[in-house]
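Data block below; observations after.
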Amino acid sequence: MSDVIALAKDLIRRPSVTPLDEGCQTLMAERLAKLGFVIEPMVFEDTTNLWARRGSEGPLFCFAGHTDVVPAGPLDKWHTPPFEPTIQDGVLYGRGAADMKGSLAAMVVAVERFVAEHPDHSGSIAFLITSDEEGPFINGTTRVIDTLEARHEKITWCIVGEPSSTTVVGDVVKNGRRGSITGDLLVRGVQGHVAYPHLADNPIHKAAPALAELAATVWDEGNAYFPPTSFQIANISAGTGASNVIPGELHVQFNFRFSTELTDLDIRERVEALLDRHGLDYQLDWTLSGQPFLTDTGKLLAAAVSAIEAVNGQQPALLTTGGTSDGRFIAPTGAEVIELGPVNATIHKVNECVKADDLDLLADMYQGVLARLLA
């Protein structure tokens, strides 16, 4: 069994469902301390974070990731217990195998091998690890970044170990992500009897044309790096459950995944102008989860593409599709940020798994990036 697989299994054994860490970061920190990393736990409320750094000079290369995992779901649907890592036919099963304890293991082993070969490497290497990525993301990476910013500690390059690959490890590098903003809309009407609509004011009827227009609007055309901005209604509710009562309120929750063609302010202004134009009596609360970011050029992207080609002979596709990641908190500092990790076909599913050999290849890729930037 390789060092990468052994560490991945040790991490998977710890049932670190958000926001729990269950000792995963301690396990990583013990190995990093032996390499000369300065270990700095950062605990905020219920979240465990780790900042570990080797070196004091720039440029600063950072591996970022999370030790928390989503709940296992129905245990009877798993071939093997989710927190008892098992290898069957060359495939490693367990919650977090792909998202993202396999990546964490590959990162640690890659650094161990790199430092052994280049003990006097240039610059610095760091790990930014949280137990709050799968949850509310309030006390995790964003708080660590705030701490680093306050003391003027700047990340130059960052690889987030999210499972970016689709078929073969390294076939996709995420060099950016769309922004995400959610609207919670309350439309007010007047409750009444369905037989006396003139004595009531149905908020569903009033809001329906506005919602239809929101859904039909082309918000932008996208660009060379991002698909067009998308609008989706996620939840809608109204009424008492009785068939003879006109509801007094309508609640709608919707989300935008937006490109760099728009800002969150653009979206807010356009949505509110549309609702005003339809004459609605409403309250709208916004939650911005993250701004879009893009690393279209730079040394990190070039090093990653070269390292991947050296390992699997394939040039990766550069994509910005998918959900958000903690890269959205790191990119605004000015760092070059990409995501590179294992195949994502089974993430958040029962029987989450990854090819064991893929994690060894991933470690080789990570080590190759370090060699191209800091050797």
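Quick reminder: no glycine exception, Cβ is built from N, Cα and C everywhere.
Of the residues proposed, Asp89, Asp99, Asp184, Asp201, the one Swiss-Prot records at the same Zn(2+) 1 site as His66, Glu162 is Asp99. Per Swiss-Prot, Zn(2+) 2 is bound by Asp99, Glu134; the candidate from His278, His348 named for the same site is His348. Sparsest Cβ environment among the recorded positions Asp68, Glu133, Glu134, Glu162 (other Cβ atoms counted within 10 Å): Glu134. When Cα-Cα distances from His66 (Zn(2+) 1 binding site) are compared across the recorded positions Glu133, Glu134, His348, the shortest belongs to Glu133. For His348 (Zn(2+) 2 binding site), the nearest of the recorded positions Asp68, Asp99, Glu133, Glu162 in terms of C-alpha separation is Asp99. Here the C-alpha separation of Glu133 (active site, proton acceptor) and Asp99 (Zn(2+) 1 binding site) works out to 11 Å.
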